[in-house]
Amino acid sequence: MTSEDKVDQLEIIEQKEQVIDIAIERGPLERGRSLQKEIEKTEIGETRPGINLQGYCVNEACLASKGKLPVWVNVGFTNISFISDTTSFSCPDCRKSTVGYIVKAMFYNSEHYICASGDLQPVKDNNYQCSYSIKAGLSYELKANKIRQHAQSLEDLRERSEHAMKSIEITNLVTELQKYEITVVKPPSLKGNERLLEKIQADYGGDFNQIFDIGRFTILCDNPIKLQTAVAVIKKAEQFNLIVSEDKDFFDRQSKTHHRFHNIKLYVPKHDVYVEMQATLKNFTTLEGYTTIENPKLSHLLYELIRAWKPNDSEEEEFKQASEETLTGINDIVCEWIDEREIKKIANRYKPHSDIGVLQAPQLKGKTEEQINADISLKLAKFVYDQLCKFTPEKLKGKANYVILFEYYKRHIIGETNPASCADVVSILQKSAKQELEEDEAMLQALETYVPLQANNFPYIDSDDNKKNNGYDCHQHVIDFLEEKKDAEQKVVMVLQGKSGSGKSLFCRHLEESWWKNYVNDSTKFVPVYISLPKFYNVANEKEMIGQALQMKHISKEILDIVRENISFVFILDGFDEIFDAYSKNQSNGYYFYNRFNLAQWNAKVIVTCRSHVINEDDIKQVLVGSSQENSSITTSMAYLWPFSKEQMYGYIDKFVKMNKKNKLNTDLNWTTQKYEETLKYYPNLQKMVEEPFLLQLILTVLPSLLKRHPSGTKISRAQVYEAFNEQWIDIHIHNLAAKLAELRIQINIRKIKFTFQKYCQDLGFEMFFQGNPIATERDIEQVRQETWDVIKTELANENKHVDEKIETKAKKVDKLASKATDVWKKYFKGDSVAKYILRRIGENKYQFLHRSCQEYYAAHQIVLDIVSWKPNTDTDLNNEEYQKQFEMHAHKLLINRKLLNEEPGIINFIGERIYDTQPIFANLKSRLFRIVEASKTKEDVSIAAANAVTILNAANVNLHYQNWDNVKIPHAILDRAFLEGTSFKNANLDRVSLFQAFLNKGNFTNASMNEIYFGEYAYFKGHTDIINAVQYSPDGSKIVSCSKDKTIRVWDVASGQQLQLLEGHSDSVSTVQYSRDGTKFVSCSADKTIRIWDILSGQQLQLLTGHSDIVNEAQFSPDGAKIVSCSEDRTIRLWEVSSGKQIQSIEGHTDGVTAVQFSPDSTKIVSSSSDTTIRIWDLSSGRQIQVLRGHSQRVNGARFSPDGTKIVSCSWEKIIIIWDVASGQQIQLLEGHTSFVTFVQFSPDGSKILSCSEDYTIRIWDLSSGRQLQLMEGHTFRISMTQFSPDSFDIVSCSFDRTIRIWDVSLARRLQPIEGHSEWVNGAQFSSNGSEIVSYGGDDTIRIWDVASGRQVQLMEGHSGQITGAQFSPDGSKIASGSEDFTARIWDVPSGREIQLLEGHSNQINGVQFSPDGTKLLSYSWDKTIRIWDVASGRQLQALKGHSDVISGAHFSSNGTKILSSSWDNSIRIWSVSSGRKLQVMTGHSMQVSRALYSPDGTKIVSCSKDSTARIWDVASGQQLQLLKGHSDAVTDVQFSSDGSKIVSCSWDCSIRIWDVSSGQQSQIITGHSTIINRVTFSPSGTQVISCSKDNTICVWDVSSGNKLQLLDGHSNNITGILFSPDGTKLVSWSLDKTIRLWGSSSEVSDSKLDVLDNSVVKVDIGPLRCIWQAGVQGCGLSMNGSAWTNVSGLTSSQKLLVEQRGGKF
């Protein structure tokens, strides 16, 4: 028989026996027949456990009564007595006590008792359902109790249960169930006593007889049919002598816990015990081994945790209720009380722990297991957290259950205000970032126009080198840096620097935004957090700053520790420069920001931004990079934002145009991208500004209005751009305000409101500067008091005694400071504050200007207005002295006297630009600044203002030479690169003044105070009597060792420059000397073929190593100090043992002398270089050659390993440096820049830079990654032998054939600031026709125009890609023509600086250009042996003049423009027709190169000079030689006619000047006095004097008649290559290889700029000899002090005094 057949048969049996009358009727007359026992289904109404009575309601209004329907009344578990027809019970329908006729009693799921009046024995039973008929007139007693066990003890109950489960009755039942293929699960053992006792106590108050699941079988069915079968079989258990005592059907109705089962209790009479049969479907069970549910113990374990929980308060009660609801929710899913669609809906919210990163509940933090087990709340929290971390469901129900559990955890354990997972944290931070941007309209608009920024590993300098290095995409570079795999312990920091307005904050926001857009919700990915340091930094809570920032972003404080441990962050710390003032004042926690901000406790990568040049490089290294001890586990990378390229700029403009149409940033919505681009071209100086993203935005916003204010070509300053922008910004907000008020019919005075807004901005801008805080905070007194208390607590914590006594004092201090702090900003937030209209809101109560530079502009403007608005308090005319006296009385009240501006370059530059502003209001600014300096002579309290005034004047490139500044007080002034020639500072206070690269020649510092003055240079060490070959720092950087051709080794103290030791022993030149790594020894080698080891302490020779047969070029210790490697001209490399001095090995392979050798950092390899042009790598252990590096074509002077041993750098005689990959032997990089052979090269200690020196007298530092030159140091006067970084990389030491050792400070950020002037040698200069301007050109590929009156650079023209060899004004001064090494000539528009024409045609370097007298044509001449004539208007080539057979050295138009005169290295001079291009004359006679040829003033003659030592005069008409001027003994470099054409002056390499009579050719005068080659010579306009310039760095003025030297003009520090008189003959311009041009004039020409323009006073200056009016550019020699006086100066250190003497100062 099949199981289906058995089921069918069972159903038939049930139908036949549906009603079985087993009633025994017992009445008063017939005992035993008064009661009838029935087992039948309920007829009408609801029956529940206990006593159920059926009767009839007699309430006529009741529907049951009307229908004469019997009703059930449940009495429950109780004892009752009644007479069937006289009692009354409550009707369940009408709720009245009107059920009075009882006809039936039914007991359900109870042990019961019933007795009718007259019965001898009551009926007792425990069947789950028994019905009894009730007869009228009888009284009945009924009792019903919940079924219970009948054991004497728990052990008795366990024993009975165990026997019952094994009984034949139960066994037979189980067998019967199994016939229907129903699974019956018997537990392997009974529950343990401990668990039972706990449950009995908790659930049943200790009554063990109430427990029934000691003996329990689980009946598992495959489907509902089998479940029905199982229930039917169990209910027929009486056939197996079992009694069905309780039947609870929780399959179709929910149990308390929502488990789904049919529970039947069977009474086993033999053992007087109950056994529980629990039947359910297999897919609902959680029984291990049988369940299909994932994590089946989940609901049971949760139930066990909360079952016995007795809450202590309402909060716990709510928690328990939530827990029970969660359990119910889980069971609803397991038992499918909710449909599959709803389960799927829940499961769809599932995200695994591996994705979301569930966070531990904060209440568990730091709790022990014992503490957790003692607290049900903690126990429950830990249980749920563990489940969420370990449970990874794959099926639908499992996922749904996980969701239910997680949402319970999030809401009731973690708390709804806290994130429950890393994903929650991510979501909160993402929303916070979005909200912050939505609240920052300006940033949102800026992001709309964002263009990817370029960056590099070095700062941008306005020079050619930078233009050739386009850098890298900053965003991608940062992403690569952040995603680079590092060791778990390795932290990473990137310091991002850039100028103000370079886009740092915008980049940070873009980085955050793009990171979020690409964010994958992965708990292992770094989460970006943008933190504005000015907004969040609090000096009292530095260590908590990150946490406080996160709290402001809605991450609650209590979860912070958990977040910190579980989430990896990218902290973007923006604006470090803006907090530096406050930060630097508090050094109690050290200096390194990583430690101060407690960043080590976070798993975070850090990006910190900082404005360039605001913090000096030393501070950046200490604060942002940290010492090697502090940052040993931190990788710090530096990146520098670079300006926009043209492509980026055009991309930005296109975006701006689109955004402007949407946001209406200005009213000119019809402007197109092309119109913006074209307009910018007419304002060339704006071209440089628009390279900065923020300035580009500003300029585009106001460009239409700038066009109306400033004519095309005008030089517009940054201050003027900001003036226009801020005015427009205010106008927009006033317009919006007026529109809103107009709606309310309120009229306002626009002009008055505008003034109010402007005044507000100026006041606030200055206040922010003064407070050192660019953020204004609207705070109440209590808030400030709390913040102040935080500071005071920190102070108290640091005070070890008498703390209690100080509390009261401190409390008063709190109130005072809090009141003061609120007063600072209070006036800016009164009522409906202006701040809400024009400031940028960056927090709940924090405001700032649109950009930091806007605040700087307003602060600067406030200072300027304060200075220029002062007026004397009299209407009468004052002389200068009276005027000054009144001004001095007021000077201390000026705002410029409130605080030093040194850390505010933005403010300094804004003020400096106003010096040159032509608006009348600023006319007196320059003179007022000089007056402030003057005031400090007598007023001590004006020193801050005076220092600021001097700093501003210098920053504005105002020449400060020949000033009488005796007694001035300017401590802290910045006079870097200042031109102070001849200025007197007698008795001045110059404490802490910075004079880096200042020009102090002829200055007078007698009796000046110079405490802590900064020169930026060190005195050189002098002592060797011959060339110095090598120099090296000691390992600790405190000493230097050097060796020389003088056969000695010397040890020097770095701090004092004093010689400490002199070691002698070598018998010939000492080649190199090197310290051992432990600093106890050094090794030297020599041309005497020996190597010597010395003891440093005693200076004694320890070992003498011999074996080489020729000069030993180098000897070096191995890293462990146990070995020495040496190399020699004998072509060998040798290894030596230090302890014994024995030779270990000899290595051969080079075919010429070995020049250098070095161990690899790991001591496994050796690198060597040789005169055979190769570099070789050798295996140390075997001596075998591993690699040969070929690439140099001449002698290789040196090769060095990088610190990590992966690269080698080499240098050679061919002027190049090559970087090689060690593994492959391939060339990685080629560095070019030195102009002579490179003598030495090495890596910096961190491997990021290359240091080199050369025979060109320069030292250069290069960036390894880009190959770009970072710094160039000049000062040595001969070939530099060697250079080396100090151990901390802040300094370098060098030695030279000039017998000096120099230390250079290479940490200076100032070296990287832009200089107004040429960055390389100047090739030439020329006056405009009216003498008002000078054009200069040089080796930096630029052309610059200078204003003669002020010395200010008024135009910069860039475009050539090679040095400029010639430039000239057009006759009308409107254009400039230039020629270059790049083979091109160009024509430029002077007013705008725009390139008008590009003239291409030459095939080699152009040597010079010249306009025709009428300005319509241009000639150019070249190394390609041709002269070309161009049409200026069209740029078209008119003629190509060919005929010369060598380089053309010069070409000139005739005075009428019809002919061209040319000279050439082919020894000839030619005259050409301009119109036809035909050759008219060829003049030959010179036997060597013709250097120059010029027309006489009347155009009839030509004078020429040549390397053949002669000058010659030629007749123009015939081409015949008229005179041979012979007398010079070397090449003649220049010739000139006098203005009347009667004389000729010539100069020569023979150091002489000669004057010749034109008519006779006789020498009339020979003039000597220059010490070397004379480059140029010219007559004065009157012809009575001759002026010459020489390679000896001087200009001399000579009397023609006597030949006497009238004046020597010194000041240039290098070869002066040219001089030229102005058209009116009153001034002279000179130019030099020292990178400067100088304008000279009589002393009356030296302007006195101390007077106000409107002052009614006159200063008379005596006319004297020529004096320098101004110098443009900064000389490459550095600090210059020739002829300066330093008598009785105080405050200088001994080293500084030595420096002064070495630079030409006199004590």
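Here, residue 1 is simply the first one shown, and the rest follow in order.
Cβ atoms here come from the backbone N, Cα and C positions, even for glycine.
Annotations in TrEMBL come from automatic prediction, not curation.
Marked as domain 'NACHT' by TrEMBL: 493-652. The feature repeat 'WD' is assigned by TrEMBL to 1063-1104, 1147-1188, 1189-1230, 1231-1272, 1273-1314, 1315-1356, 1357-1398, 1399-1440, 1441-1482, 1525-1566, 1567-1608, 1609-1640 (among others).
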Non-local residues, at least 6 beyond the ends, that sit with Cβ under 8 Å of the repeat 'WD' (1063-1104):
1026, 1029-1030, 1032-1036, 1041-1051, 1110-1117, 1119-1121, 1124, 1126, 1128, 1136, 1138, 1141, 1282
Which residues of the same chain, at least 6 past either end of the repeat 'WD' (1567-1608), have a Cβ under 8 Å from a Cβ in it?
1533-1534, 1536-1540, 1543, 1545-1549, 1551-1555, 1614-1621, 1624-1625, 1628, 1630, 1632, 1634, 1640, 1665-1666
Looking only at residues six or more beyond either end of the repeat 'WD' (1357-1398), which have a C-beta under 8 A from one in the stretch?
681-685, 712-714, 1320, 1323-1324, 1326-1330, 1332-1333, 1335-1345, 1404-1411, 1413-1415, 1418, 1420, 1422, 1428, 1430, 1432, 1434-1435
Distal contacts, the repeat 'WD' (1315-1356) - CB-CB under 8 A, six or more residues away:
461-464, 684-685, 688, 715, 916, 957-959, 977, 1362-1369, 1371-1373, 1376, 1378, 1380, 1388, 1390, 1393, 1614, 1617-1618, 1620, 1622-1624, 1627, 1629-1637, 1639, 1647, 1669-1674
For the repeat 'WD' (1525-1566), DSSP counts of helix, strand and coil?
0 helix, 24 strand, 18 coil
Model confidence over the repeat 'WD' (1357-1398), averaged pLDDT:
94
Sort the residues of the repeat 'WD' (1609-1640) into helix, strand and coil with DSSP and give the three counts.
0 helix, 17 strand, 15 coil
Within the repeat 'WD' (1399-1440), residues counted as helix, strand or coil by DSSP:
0 helix, 24 strand, 18 coil
Let's see if you can do this one: DSSP helix, strand and coil counts over the repeat 'WD' (1441-1482), in that order.
0 helix, 24 strand, 18 coil
DSSP residue counts for the repeat 'WD' (1147-1188), split into helix, strand and coil:
0 helix, 24 strand, 18 coil
Three-state composition of the repeat 'WD' (1567-1608), taking helix and strand from DSSP:
0 helix, 23 strand, 19 coil
Tell me the residue counts in helix, strand and coil for the repeat 'WD' (1357-1398), as DSSP assigns them.
0 helix, 24 strand, 18 coil
